[in-house]
Amino acid sequence: MGLLVDSKGEGGGGGSGRNGGSWGGRHSLIRRKQVDSVHVKSGGHQLAKELTVPHLVAIGVGSTIGAGVYILVGTVAREHSGPALAISFLIAGIAAALSAFCYAELASRCPSAGSAYHYTYICIGEGVAWLVGWALILEYTIGGSAVARGISPNLALLFGGEDSLPAIIARQHIPALGLVVDPCAAILVFIVTGLLCVGIKESTVAQGIVTIANVCAMIFVVVAGTYLGFKSGWTGYELPTGYFPFGVNGMLAGSATVFFAYIGFDSVASTAEEVKNPQRDLPLGIGAALSICCALYMLVSMVIVGLVPYYAMDPDTPISSAFASHGMQWAAYVITVGAVTALCSTLMGSILPQPRILMAMSRDGLLPPFFADINKKTQVPVKSTIATGICCAVLAFFMDVSQLAGMVSVGTLVAFTMVAISVLILRYVPPDEVPMPSSLRESIDSVWLRHGRNSQEINVEDPKTSVTKPLLEEVNITVELPLIKKQLPLINYTLSEAKRRKIAGWTIMFTCVGVLLLTYSASDLAIPSFLRYTFCGGGGILLLLGLIVLTCIDQDDARHTFGHTGGFLCPFVPLLPIICILINVYLLINLGADTWARVAVWLLIGVVVYVFYGRSHSSLEDAVYVPVAHADEIFRSSETYVA
Ligand SMILES: NC(=[NH2+])NCCC[C@H](N)C(=O)O
């Protein structure tokens, strides 16, 4: 018994693996949820479906443009890129675009609120998904409070100097505790939280208005800067050192630093359940937001490095100092307004996704049900939004979290990496089994009885099937007649398909190992040189082999059906996701040992919470896994099923 399911679903990277001869449960770490399980389970109130492309662009641009561009341009031009700063921004933008493509496909195929957490749960498994969700909690909370803390110094500049804020919102030094508290930061966090509780549409409109102000400030920098540049003869570009004073390597190092400026577009994916037409609008929103940010960043940096020689740039206020050096002191006001509005909208971009991810984790049983509650009137996860706001405000009030900024990047980069791996898995070893509540056991058994014999007959090993020759006949049948696949599921379950999945799963896993070895050998970490060469060679070979094997084997044909219905498919699979994994892991490894030590503490706490709470409360805890093909039949034949 059980040959049907035993013969497949063992894709290593896919995380599946049987734990018995019959349809049964899964090891908690690798159990995967169903693509649309959210619709089956959510029951209670739903989030309001209000958002369209312009809203998504406002969320994307607003969350992405932050302190990054206003501050980073100075340091990066001085230390890494010189006049080639715009090229650094372009390369970082392309790197971010690779992740955006992966996000776009998954957001379009699995439009649920949990973004990276949700995709990882579907594709990789519960254990990794939990860690991604846990890392995202850290990212958004620390990211949000760091941003909030950055607002008051800028606001003070607008009022005319460091000590000019009204006393109740000015920073206070408390010598007894050795702390500098920032009431302004906490107040802003509460305002944003309140706004987010009112309704998704209202808060998005507010974010749009703030973002327009900030984009106008950047356009001002470009237009006024171009005017000054032509008047003064673009002195920054006339240097004897040429365009690449630190060489191409310096310019690339600059790209790695400015990658930070592109973080934030992923907030768009977390609103998936609030989008009217998610399949079409999410990819459009993500793509448009990223393109706008990339264009603005490049224009601003082109103008700024032309106005002032790179070595003379001010590392703290590069843009306003550049204008001041051409006698335009008043421009500092416009730029400060730009910076304050940019920070406010990034703050919102951090507090918006967090409750949605908490909600998704709580719906799956990994966090207490409190977080999944959706307010009946505003159709927003109000309780988790308030919880997020309180944590963020307390942190921002008491602590200068800027030293923890590296931890923010860990969350993002881990999520980006997992999303790229998830695309590979969804294309090569998509979940082929559906978790069913164990209450449906009787129906499952009766369906099993009906299909048991057939499956054993069909399941004959075919040793001739090779990797490089996918089963064309099968593909044709399923592409042309997608319905047949549903009605005659067993066509797909011959051993050749099982073999294909197995090979694909292992290949994805080895490719990831190759990426790790290669990036480790290219990092600044102290490694003996013979090891460095071994890792580099070994990693390179694994990566190349992985790429070749994945290119040769067939992808899951469900993508054709999905593509025909207007959904977005990431181009150049497997090359694009693999490059994306390579870049993100490289950036992750170079974040430094301190950052990793701090993150490790947080992740360890996460493991404890999972072991003592999540694992046993997971809604997949006593689920029974059945092949996708039988799911409908089981549901139909079960009277206990309530949609
Ligand atoms: N969710 C986050 N990690 N947000 C941080 C966004 C940082 C933003 N890109 C900036 O340049 O300031």
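Just so you know, glycine gets a Cβ as well, placed from its N, Cα and C.
Copied over from TrEMBL:
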type: REGION; residues: 1-25; note: region 'Disordered'
type: COMPBIAS; residues: 10-24; note: compositional bias 'Gly residues'
type: TRANSMEM; residues: 51-73; note: transmembrane segment
type: TRANSMEM; residues: 85-104; note: transmembrane segment
type: TRANSMEM; residues: 174-197; note: transmembrane segment
type: TRANSMEM; residues: 209-230; note: transmembrane segment
type: TRANSMEM; residues: 242-265; note: transmembrane segment
type: TRANSMEM; residues: 330-352; note: transmembrane segment
type: TRANSMEM; residues: 380-398; note: transmembrane segment
type: TRANSMEM; residues: 404-426; note: transmembrane segment
type: TRANSMEM; residues: 503-523; note: transmembrane segment
type: TRANSMEM; residues: 529-553; note: transmembrane segment
type: TRANSMEM; residues: 565-589; note: transmembrane segment
type: DOMAIN; residues: 568-618; note: domain 'Cationic amino acid transporter C-terminal'
type: TRANSMEM; residues: 595-613; note: transmembrane segment
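Same-chain residues lying 6 or more positions outside the transmembrane segment (51-73) and placing a CB less than 8 Å from one of its CB atoms are 85, 147, 150, 200-201, 204-205, 207-208, 210-211, 214-215, 218, 257-258, 260-265, 267-268, 271, 274-277, 281-282, 284-286, 288-290, 292-293, 296-297, 300-301, 304-305, 313, 316-319, 335, 338-339, 342-343, 345-346, 348-350, 352.
When pLDDT values are averaged over the domain 'Cationic amino acid transporter C-terminal' (568-618), the model yields 92. In summary, the transmembrane segment (242-265) lies against the transmembrane segment (85-104): three or more C-beta pairs, each 6 or more positions apart in sequence, are under 8 Å. The transmembrane segment (85-104) makes contact with the transmembrane segment (565-589), as judged by at least three Cβ pairs under 8 Å among residues 6 or more apart in sequence. For the domain 'Cationic amino acid transporter C-terminal' (568-618), the DSSP counts in helix, strand and coil order read 40 helix, 0 strand, 11 coil. Contacts between the transmembrane segment (380-398) and the transmembrane segment (174-197): present, as 3 or more C-beta pairs lie under 8 angstroms, all at sequence separation of six or more. For the transmembrane segment (174-197), the most Cβ-contacting stretch among 330-352, 404-426, 503-523 is 330-352 (pairs under 8 Å). Within the same chain, residues 10-14, 16, 421, 424-425, 428-429, 467, 531-533, 535-536, 538-547, 549-550, 553, 578, 581-582, 585-586, 588-590 sit at least 6 positions outside the transmembrane segment (503-523) and bring their C-beta atoms closer than 8 Å to a C-beta of that stretch.
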